[in-house]
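These notes concern the structure reproduced below.
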Amino acid sequence: MALNVVILAAGKGTRMRSDLPKVLHPIAHKSMVQHVIDTAHCIGSDAIQLVYGYGADKLKLALGEQQLNWMLQAEQLGTGHAVAQAIPNIDDNDTVLILYGDVPLIQASTLEALLAARPDQGVAILTVNLSNPTGYGRIVREQGKVVGIVEQKDANAEQLAINEINTGIMAVPGKALKTWLGRLSNNNAQGEYYLTDIIAMAHADGVEINTAQPQSAIEVEGANNRVQLAQLERAYQAREAEKLMIAGANLRDPSRIDIRGEVTVGMDVMVDVNVIFEGKVVIGNNVSIGAGAILIDCEIADNAEIKPYSIIEGAKLGVAASAGPFARLRPGAELMQDAHIGNFVEMKKAVLGVGSKAGHLAYLGDAQIGAGVNIGAGTITCNYDGANKHLTVIEDNVFVGSDTQLVAPVTIGKGATLGAGSTITRDVGEDELVITRVKQKHLTGWQRPVKIKE
C-alpha cells in the first residue's frame, strides 16, 4: 500500500501583502512548503502531489527540480476541490495523506502517529484541543466517536462550544476518497467544496474514523500574514534551540540564536548570543562559539574556538584550532590542528597547517601552508592574474614578515624567512632569507615643505 501525499499550495495569501505565493514565504531561510515537502520525505512518501494555483512560475522556479507531481487548481473553490485535482495520480490502494503548504512546523513523528492511528480501510484525522477554537472547524462526536466536522460559519451554538478542532490534516484510503470527493456539494455558507464533509460521509458509510493529536498545537498553526509568519519563525527557532541543548550545547540565551539548517553538536558546546547557523553544520565536543558568529556549511572539530563576529562558510576547523575575532573562512579553507587566524584574516581555498598562525590582517587564497608557519600582519597571497587563479605553497616552519606579498605561482621552501615588506615573485629555497624591499636611506638636514599662505 503506497503512501501518496497531497500538499495543498494553491492559495495567494492576500494578507501577506506580497507578490510571492504564500507558501514560498520562508521559515528559517526555507520556504514553508519546502518544510512540508521535506517532512513528507522523512515519513517515506512514495509520491507527492503538489496542488498549485497562484504564482505557478515562482513555485516551479523554487521547487521545480524536485520529484513532485504538479496538479493545477485553476480556480480556488475549496479544500475538497483542491484535493480533487490530485485524483488522476491517486490509486485505489493508496493511503492518501493530506497536508498544507502553509503549515510548516508539522513533525514527522506526528504524521507517523496519525498514519498508525488509521484503521484498515478507515480514516484518521489530526485534531487539537484549543481553549479558544474560534475560526476553526469543530470535531463532532457521538458517544465518543467522530461523526463529522462542522465549519465555524455553519456551526450552531452547541457545536461552537466544542474545543476539539480540525487541523485539516488527514489520512484517507484512496478508493474511498475518490468516491467521497465525487459526492461533495458547495451548498454551505461559503459556497465552497469542503474537504471536511467527507468525514460525515465516511461515518454514514460505516467507515471507522480515528484521531491523533500533535505534541504541540504550534505544529498545526498556519501563517496567513507576516505577524503569524514571525510567530512560526520564533516557535521553530525555540524548538531547534531545545534540540541543541538536549544534544549537549550550552546556549547563553536560547532566544538569541538562529538555526537555518541542520546542526549537529557534540558535548559541552558553548554558544554565545546572536550566533547564526545555516546549512549543514557539524560541531564537535568542547567547542566555543563567540557572539555574532555565522557558521555556514562547515565542520568544527573538538576543542576549537570561534571568536566573536567571525564568518565560517564551507570551511573546516581542526582540533583546538581557533579563528577570530572578525575572521573570515570562505569555501575550501581549512585550519589544521592548533592552527590560528586572528582578526581581519581572510582565507579561501587555503589550508593552514598544524600549529601555524596568521594573527591579523592577511589574505590567504589558493594556498597550501605547512606546519609551524608564521604569517605576519598584512601578508597577501596574490593569487589572481586577472584571468586565472594560481597556487602559493609555503612549506613547514617558514617565517613570513609583515606586509609581504607572495605573487603566485610561487613556492617557499622549509625554514625560509621572508623579510617584512617583501614582494616575492620567485621560488625561495629552504632556510633562505629573502628581502626584496628598497635599501633604507638616511637624508640629514631634510626640510619638510611649508604650506604657502594664500
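Cβ atoms are placed via backbone N, Cα and C, with glycine included.
Swiss-Prot names Asn383, Tyr384, Ser402, Ala420, Arg437 for binding acetyl-CoA. Of Ala371, Ala377, the residue it gives for the same site is Ala377. Proximity note: of the listed binding-site residues (Tyr384, Ser402, Ala420), none has a CA within 10 Å of the CA of Gly11 (UDP-N-acetyl-alpha-D-glucosamine binding site).
Among the record's acetyl-CoA binders, Ala377, Asn383, Tyr384, Ser402, Ala420, Arg437, no two C-alpha atoms are more than 22 Å apart, and one pair sits at exactly that spread.
Ranking the binding-site residues Asn224, Asn374, Asn383, Ser402 by the number of CB atoms within 10 A of their own CB puts Asn383 at the top. Around Ala377 (acetyl-CoA binding site), a 10 Å sphere centred on its CB holds 19 further CB atoms from the protein chains shown.
Each residue of the region 'Linker' (227-247) gets a DSSP state, and the totals for helix, strand and coil are 21 helix, 0 strand, 0 coil. In this structure, the C-alpha atom of Arg437 (acetyl-CoA binding site) lies 20 angstrom from that of Asn374 (UDP-N-acetyl-alpha-D-glucosamine binding site).
Once Cβ contacts within 10 Å are tallied over all protein chains shown, the binding-site residues Gly11, Gly78, Gly101 are led by Gly101.
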